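Here the structure comes first, spelled out in structure tokens, and everything after it is commentary.
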């Protein structure tokens, strides 16, 4: 777990970098290490770590999804006793320094607006299943959000409102229906576009991205409560708020493409 | 040292530890993943036995036997073709495509392989490649090759090939050419003209009413055209003719989902997965990833979170018990 690698590609003066944090899990055919203490089949975790480093050199790192696919492929084809490989990878949010719209050739700034991640799972003889996602993307809007018309019972004290502050930390994960010729960057960047789609509706994503099969979104409702200042003789007109991120309501939803029948 | 690493990273390494089996020659198709433990590896008459197993509906055993035949003779185009069509029936599209492409490298004019490849490309959403395969089919078909001209003006590749096939169909005044009609059916699926595709496959079926592949193609066309109830009837017909037809059972499950019959859908997917697992002579898990994905979706619509968890973990036994799916 937590194998960290940074890869730099130099094209003349222009440098590209990608820094990642990978978890690799492989499942072996034999159990003799557990049953008899025979280690002859074991691929040491140290070897796995070294393999991640070495494959970054041999294959290069273009996107975390492609590198994850390369890792799975390596472990399944270099040995004949590995049954399954699972890779989870997070990408460090390095952004090129930007001054007046001009991008710097080799300077970057760490911009944790959102964390891009992926996980790839592949069984021996099977096709890999790729999920990508973004998480820890905290967004907030100060108006045009309301909540009314909900069920009221004897335990309900919440007041209806037409206008409130809405804040959430978005977690979204989607699955691809194919792994070749997929532009992984186009689906995961930029996070801001995703924000806009989510705040409107989940329907937008599937039409624009035909290689996305299924998308799951989880959004906790992180509350900001107007502080009642009447006891201090002040009229707080929704100007001063108390941030209260827990407890929070959690909203989840999964949308998937209608399955196509196969000729 | 670096060269060794790169070779390691590239090769599909199959040597057994007892080193009695030969390693795979590097000229064998790089896209096809052979099973690592094949009990039929040195079986004589592997191809003929593979054909027989496929006929009986034991698709997994057929795949292993055909792989064995190919390992014994990597240039056996017929074996590559049969492996391709069997993998497609077994709901393993990537493997089907790799096999059929290898067959066509050896025999570029193999009409059955070209048609099967066009179907697989269509299923994978690769429109251009599907049209290309169908164009090659016409070009190599002695009855219709004279229709092929090089430049047809500014039309799309799909419209180009469609026009070719339509012209070819007009030549058949006396009867129906079921293979041509299959090509038309595939093209109309690509152009989303599902009603016309239904007509084409129905015409093909009038000549070959026992062809379970055609019944499945008809069903899939109906399903993709939102005629799910009729699709179910077509799939049932295909499965009557060939109960081991994994792809058709998968399709049937999908139509059940579309009709809101989630329990039936799950039952069908579980049956298919069990057939695949049971047939496998070795311990490896070789079930179709597509079917698992569809199963997860069906279960997710049933509001049974504990079963959804089991589906995520791949616990087939638990699910079979929960839905009372026994051995066929």
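Don't overthink the numbers, they just go from 1 along the chain as shown.
Note: Cβ is positioned from N, Cα and C throughout, glycine not excepted.
According to DSSP, residue A:45 (O2 binding site) is assigned to a helical segment. The feature O2 binding site is assigned by TrEMBL to A:45, A:221.
Residues or ranges marked as 5-hydroxyisourate binding site in TrEMBL: A:45, A:46, A:147, A:164, A:221.
Long-range C-beta contacts of residue A:45 (O2 binding site), restricted to its own chain and to partners at least six residues apart, with a cutoff below 8 Å, are absent. Taken from TrEMBL, the feature urate binding site applies to A:45, A:46, A:147, A:164, A:221.
A straight line from the CA of residue A:221 (O2 binding site) to the CA of residue A:46 (5-hydroxyisourate binding site) spans 41 Å.
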